């Protein structure tokens with residue numbers, strides 16, 4: 001330790017200061033009558049002269065002090081002398097005592113109370129405490145009276161270089177773009193030194209690189225790390241490990257140092273173009289591949305990463321630019337080639353495409369290095385596939401008149417096999433679309449014929465599906481829809497739209513319109529319907545009615561005169577012929593019923609029946625119905641009255657077969673008494689509602705095994721039926737194992753405790769002693785009769 005301290009003292013040129021505090025002698029001496037004690041920090045002594053003689057003098061100041069210094073980390077066999085306190089009041093007679101108080105007084109710093117020497121008793125560390133404030137005072141040793149005021153001073157711990165620099169925030173991680181120019185900022189590191197930055201060079205740091213050259217450099221004083229080489233390529237080396245040193249003492253020999261590591265990563269920039277792994281790609285695809293299906297992948301590799309490696313693919317040349325398309329897989333950055341239009345081996349068997357891959361994000365700084373794109377050639381071979389038949393048209397429309405003859409040809413469909421082998425085609429009708437089997441098709445040539453008559457008025461359109469199948473491969477099937485329109489022919493006669501019934505007033509006027517009728521026709525002529533109306537030839541000169549054709553294709557019925565009377569004729573029938581304008585024309589006859597009615601003065605129909613002749617007194621039909629309803633009601637009341645009277649006269653006597661009385665059933669067996677709980681199910685007695693009405697028999701199957709009898713020898717003259725039955729009956733009676741089995745009910749307890757005793761006759765019948773019933777007469781008048789009965793019984797027995 002002393003050798004290290006000596007070395008540090010030599011390096012720092014730190015003087016060792018030992019302060020001796022003393023009062024210097026006055027330059028001008030003069031007789032003094034009285035001396036004044038001054039604090040140890042004062043150097044001026046005032047001399048009082050005789051009042052008679054005052055001499056002005058100038059005193060020289062002593063050593064001005066308020067600080068002491070002690071070297072940190074100094075240790076030796078003896079305590080370190082920091083300094084000495086002395087007052088000019090001390091004549092050297094040891095009557096003055098020096099006292100020290102304040103920070104560390106008595107523990108760290110100790111004063112010799114006679115000489116005033118201050119010693120440091122412990123090794124000091126400036127980084128723990130840089131200075132101590134103490135107070136010194138001189139007192140009389142005998143009286144402890146202060147000889148001068150206290151004086152405060154500071155002991156400063158003088159720094160030595162005993163702390164190495166430290167990187168508190170290390171280790172460091174930094175990132176710098178690849179291909180950066182020299183001097184590009186990377187990061188900044190910071191080291192700290194616990195030594196005194198003011199005194200000496202103990203905390204003066206200098207930075208340097210121990211590892212990481214020649215790629216990076218560092219500013220010695222600012223600790224800024226920069227790139228030292230241009231065009232560092234991430235693809236060649238991505239990460240660098242740099243060791244930084246910080247040394248105090250300004251970097252001179254003997255200084256302490258600390259190190260840290262900085263991991264520097266080169267970030268990617270787009271400095272590499274995409275490159276196809278091969279210049280020519282070959283793919284094959286079946287001609288029946290579905291649209292949008294991928295047929296192959298191409299890949300352009302890019303040494304960059306992330307966004308800088310993303311590329312887009314395009315087809316820039318080739319004879320299949322409209323047939324194929326290429327898209328980019330976002331996950332793998334592959335170019336996916338897909339089918340855009342249907343392929344046909346028979347038409348074109350191969351395609352050649354030129355595909356380009358180009359970077360999406362381009363850095364303008366590196367455009368001088370060349371285009372950031374690449375191209376490759378793709379050859380696609382189309383392979384033949386067994387294709388289904390192809391119809392000459394995607395849909396067919398046929399027309400046929402509804403009166404077409406059976407087996408007549410309505411039209412024809414055609415189809416062919418697009419394959420080179422050209423398999424023959426067979427045609428058929430999907431019967432799910434022709435459930436009534438109205439049409440047939442020739443399997444060879446595809447001609448469609450009529451199988452059943454058609455009726456346009458029933459169905460105007462028929463939609464069927466024709467199926468074409470290759471004869472060599474039945475799995476190759478095609479379908480085409482065929483729409484058949486049924487054309488109209490005039491095959492339906494017109495008829496009246498509804499059954500008309502006209503009403504004619506007796507007081508009507510000639511020429512009055514009685515009814516307007518209209519006709520309908522199920523046919524549908526191109527120019528619309530036009531109907532012709534006429535009367536039957538024999539009714540042309542009808543004296544009562546006439547007809548008139550209206551412009552709206554309707555017919556008006558008119559009366560010829562006003563002399564209609566219900567007394568003469570109540571109903572008239574008028575046949576009318578209606579014809580269409582088709583070819584050939586169709587007609588039908590309808591009959592109009594005309595009733596003569598009584599009307600009011602304003603022409604309102606009131607009654608069309610002949611009731612005036614039946615009811616001359618003028619009763620209307622409504623009044624007649626009311627009278628009939630009243631008569632029926634009176635009859636119902638009379639019937640109900642008679643019925644009630646008959647019920648009252650019936651006698652309230654119950655017939656013999658309906659006589660319901662109490663049935664008394666006598667049982668000859670006797671139970672065990674009220675205290676017998678073994679003969680009955682107590683749970684059932686306690687819960688009678690739970691009984692379901694069925695109690696199983698306690699049958700006991702005997703353990704005896706009945707030996708079957710030996711078979712009887714056959715009787716030669718036949719079988720005696722009577723004997724056979726008797727034998728079987730005897731066997732059944734004597735077989736103990738044959739059901740039904742005996743059911744045994746045991747009464748294991750005879751009741752006791754009753755004052756009347758037991759009434760059972762079972763025990764009495766086996767006893768030889770006679771029973772005495774005289775005690776019954778002692779029970780009172782209620783049992784008197786019972787006693788007489790038993791007494792009579794005993795007397796009879798004796799008799």
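Heads up, the Cβ atoms here are built off N, Cα and C, so glycines get one too.
Ranges compared are 753-774, 775-796, and TrEMBL records region 'Disordered' for 753-774. Matching 583-612, 613-642, 643-672 against TrEMBL, the residues noted as transmembrane segment span 613-642. If you take every residue in the domain 'Cadherin' (392-496) and average the pLDDT, you get 91. Under DSSP, residues within the domain 'Cadherin' (168-276) fall into helix, strand and coil as 3 helix, 46 strand, 60 coil.
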